[in-house]
Amino acid sequence: MRYDQEAGSSSHSLPSGSSSHSLPPTEDTPLLGPRTLSSQPKTFANVFIAIVGAGVLGLPYTFKKTGWLLGLLTLLFVSSLTFFCMMLLVHTRRKLESLSGFNSITSFGDLGESVCGPAGRLVVDVMLVLSQSGFCVSYLIFVATTMANLLSRGTEHILGLDAASIYLWGCFPFQLGLNSIPSLTHLAPLSIFADIVDVAATLVVMVQDVFIFLKRRPPLRVFGGVSVFFYGLGVAVYAFEGIGMVLPLELEAKYKDKFGRALGLAMGLISIMYGAFGLLGYMAYGEETKDIITTNLGTGVVSTLVQLGLAINLFFTFPLMMQPVYEVVERRLCSSRYSVWVRWATVLVVTLVALLVPNFADFLSLVGSSVCVVLGFVLPSLFHLQAFKNELSITRIVVDVLVFLIGVMIAITGTWTAVHEILTSKA
């Protein structure tokens, strides 16, 4: 997942006659400058790029816990509900703009403020900061674990730190430098590199999984039990997280009446890819499937290149994903002024959290079950219900309330399950 995938907390307009260079970049400032309206194929591609990210790497381990059939059903349920809630945001924005007569709602935060006032924007801001920071914590865990797996063949400790912790701290000074850059325009090509590596690595891993399965054929579980259902929901929600980018993507679509079709097609294709990746990974390694599937690949040339490529990808994606966090924090604490000390302190906090998390997939489930569920299910249904409260039929009110309650239930139960898994792993 990239920086522009999650941007969407607030919007800022330029005064007339001013240049885009006269103001610091914000979370919804395009990395590559102004863009023309997107055609239908480009809209589809943008949606695909905005959603596919590092969460897919934890799906095989999740299938090991949930069982392969329950894992597939969970992915189908989450993708369908995510698509429904994305369209709720689009319909809510269109409704509010039809009442005002102005196209002033360009982000999730704008929508929250339009529906619920400053409190709505505050809630979106907080959820955005937590989700983006959570994504970056998982990135650091992946990078450190991958480097330790490739370069450290023992259980040696230095100054009481294991190999993964040493590599994590080794990333810290470089991340301070990267995150000190006020404008990330020069890092934009890395975003393209990230997308290419993600897709290529996914395909390579899936092909290897097929050959390994044909050789080993390990026993597989169909259902892992009800107790792990909410754990799987959390990881799936994390993997499909991208709702913060829906409104900007719909705004730049040339054929807005066909946006839902492009969004649905992209979600369907991503669901198939995620299901195949999770299933093949679990089929290849069975109960030996690790929390980061790439660590199962061994030390061959191809597997090493895949792991290094993904690690480098996420290392340089880190500052892009943190940009919305800096926009929110600097806007609220520093009157939107650039502050290197705020950025460094934020990177330090994210690094410390990464040190405390023992398992990659468990942390994905925690982030997905908590903040991603609130952003993806709870807030869209709440905003839609509030905006259309005087027009909805009883059936539609029941649907919105049901989605809201499902989101709250997943958030509470899934968070508890993920925390329990993390504490159990830590013990």
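Cβ atoms here come from the backbone N, Cα and C positions, even for glycine.
Annotation comment: Swiss-Prot describes 8-24 as compositional bias 'Low complexity'. What Swiss-Prot records for 1-35 is region 'Disordered'. Under the heading topological domain 'Cytoplasmic', Swiss-Prot lists 1-42, 91-122, 179-186, 249-262, 322-339, 384-396, citing a curator's inference as support. For 64-69, 144-157, 208-227, 284-300, 418-427, the entry in Swiss-Prot reads topological domain 'Vacuolar'. The feature transmembrane segment is assigned by Swiss-Prot to 43-63, 70-90, 123-143, 158-178, 187-207, 228-248, 263-283, 301-321, 340-360, 363-383, 397-417, with sequence analysis given as support.
Between the transmembrane segment (123-143) and the stretches 70-90, 158-178, 301-321, 363-383, the greatest number of Cβ pairs separated by less than 8 Å involves 363-383. Here the transmembrane segment (70-90) touches the transmembrane segment (363-383). Their Cβ atoms form 3 or more pairs under 8 Å, with each pair 6 or more residues apart.
Sequence-distant residue pairs (6 or more apart) of the transmembrane segment (363-383) and the transmembrane segment (158-178) include fewer than 3 whose Cβ atoms are under 8 Å, leaving the two stretches without contact.
Counting Cβ pairs under 8 Å to the transmembrane segment (301-321), the top-ranked stretch among 43-63, 158-178, 228-248, 263-283, 340-360 is 158-178. In this chain, the transmembrane segment (43-63) touches the transmembrane segment (228-248); three or more CB pairs sit within less than 8 A of each other, excluding pairs fewer than 6 residues apart. Beyond its flanks by at least six residues, the transmembrane segment (340-360) meets 57-58, 61, 133, 136-138, 140-142, 144-145, 165, 168-169, 171-172, 175-176, 179-180, 291-292, 322, 325-326, 329-330, 333-334, 421-422, 425-426 of its own chain at Cβ-Cβ distances under 8 Å.
Broken down with DSSP, the topological domain 'Vacuolar' (284-300) shows 9 helix, 0 strand, 8 coil.
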